[in-house]
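These come from TrEMBL:
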DOMAIN    9-428  domain 'Major facilitator superfamily (MFS) profile'
TRANSMEM  7-31  transmembrane segment
TRANSMEM  109-128  transmembrane segment
TRANSMEM  140-157  transmembrane segment
TRANSMEM  169-187  transmembrane segment
TRANSMEM  199-218  transmembrane segment
TRANSMEM  239-262  transmembrane segment
TRANSMEM  282-304  transmembrane segment
TRANSMEM  311-331  transmembrane segment
TRANSMEM  337-362  transmembrane segment
TRANSMEM  374-397  transmembrane segment
TRANSMEM  403-423  transmembrane segment
């Protein structure tokens, strides 16, 4: 019964991550309508073909970039950039609070609250008629993601404490994220073209509602078992200054920078440098889904066979990301561009799949086995990259050039890869002792302590 329940909870979390990523990307086809409305020209006849993706921990990372349409004025460019960055910016602000709250109240209630906010956000998207409403819906999605994504990944780590089951479960969640990235553009584009802009959001809202109801059945708010057995988690500020956790968080942020910064810039570069057509720009990132899933699968299998090399898989992934980023400016046609982009997504899969379980293990052996705050730190790492990308990347390309942007991102990943050597001996760490164990090690002082000491020796 417990095994069946945790599998169903894994399904709930995977659907939540899938919905979050799809909601980010379904919004992209309606952007031209809002741009036209702001110009006073009315809506467009149909959606364009851009694809978008979203960054988060565990879940909130994208494989298909949002293509920000060139606007006639700089003010519109800023508005679009702020709109796409607002979700990550709000996650960045809320995650320290959500991680602390998750540690105190458990995982299920914040996950349910996050799904409720995402439902409200999706419904707001469906009926938005102006930029302000769209911005509010986008920010609401960031608030819901800060709770749903963090609580969902933490719930997986808690319900799958043993390896390699934990790596498989987290790998499944990452695969759902990438599947959402692949499915959302055709899903949103087709429904928007033939049924109107509201239908894609209403369908996602219904799925979100069903997912919340399933969670409500599996873990009703009145249940006391899960929270009653949870110890007091380590405060998030103490986790942030843990050098091992800091190294992992830095790697997660650094490896996602190329994806976050290429999203708003690669489309215009392809048009200017190689005369790419609309369909080529729209399909550029679609093949990257397959190497991402392949990277997740390979890392899970390697981690099961050689768990002491998790740091190496992450370092290898960062090296692949760095080399692939440097190759992007050298591409001269559509087919060539696909290769380094696939390399970037394959490397990100290696880093994420290797280091997300490492965070849970570090909390197990160095702190208290409560995972809300540590995965809030992971979500903060992703949000840093995806909050800066839509706003900063275009300015860097304008002042320094697209080639320099890619070389800088590639160099940052290559230089950070050796830092993961710091994690080489993590697998040899022993679990830290609780206060009770420390007291018992002082010597038994009564019958109860003596019995407990014998049980521990046994």
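Just so you know, glycine gets a Cβ as well, placed from its N, Cα and C.
All TrEMBL annotations are machine predictions without curation.
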Segment confidence, the domain 'Major facilitator superfamily (MFS) profile' (9-428), expressed as mean pLDDT: 82
Outside the transmembrane segment (140-157), six or more residues from its ends: residues with CB under 8 Å to it: 9-10, 12-13, 16-17, 20, 23-24, 56-60, 86-91, 94-95, 98-99, 101-102, 107-108, 110-111, 113-118, 120-122, 124, 166, 169-170, 173, 356-357, 359-360, 371-372, 374-376, 378-379
Candidates 282-304, 311-331, 337-362; stretch with most C-beta pairs under 8 Å toward the transmembrane segment (239-262): 337-362
Chain residues outside the transmembrane segment (337-362) and at least six past its termini with a C-beta under 8 angstroms from it: 57-58, 61, 63, 153, 157, 163, 166-167, 170-171, 174, 178, 242, 244-245, 248, 251-252, 255-256, 258-259, 262, 266, 270, 274, 284-285, 287-296, 298-300, 303, 310-311, 313-314, 316-321, 323-325, 327-328, 331, 371, 374-375, 377-378, 413, 423, 426-427
Any contact, the transmembrane segment (7-31) to the transmembrane segment (282-304), with at least 3 Cβ pairs under 8 A: no
Result, the transmembrane segment (199-218) in contact with the transmembrane segment (109-128) (3+ CB pairs under 8 Å): yes
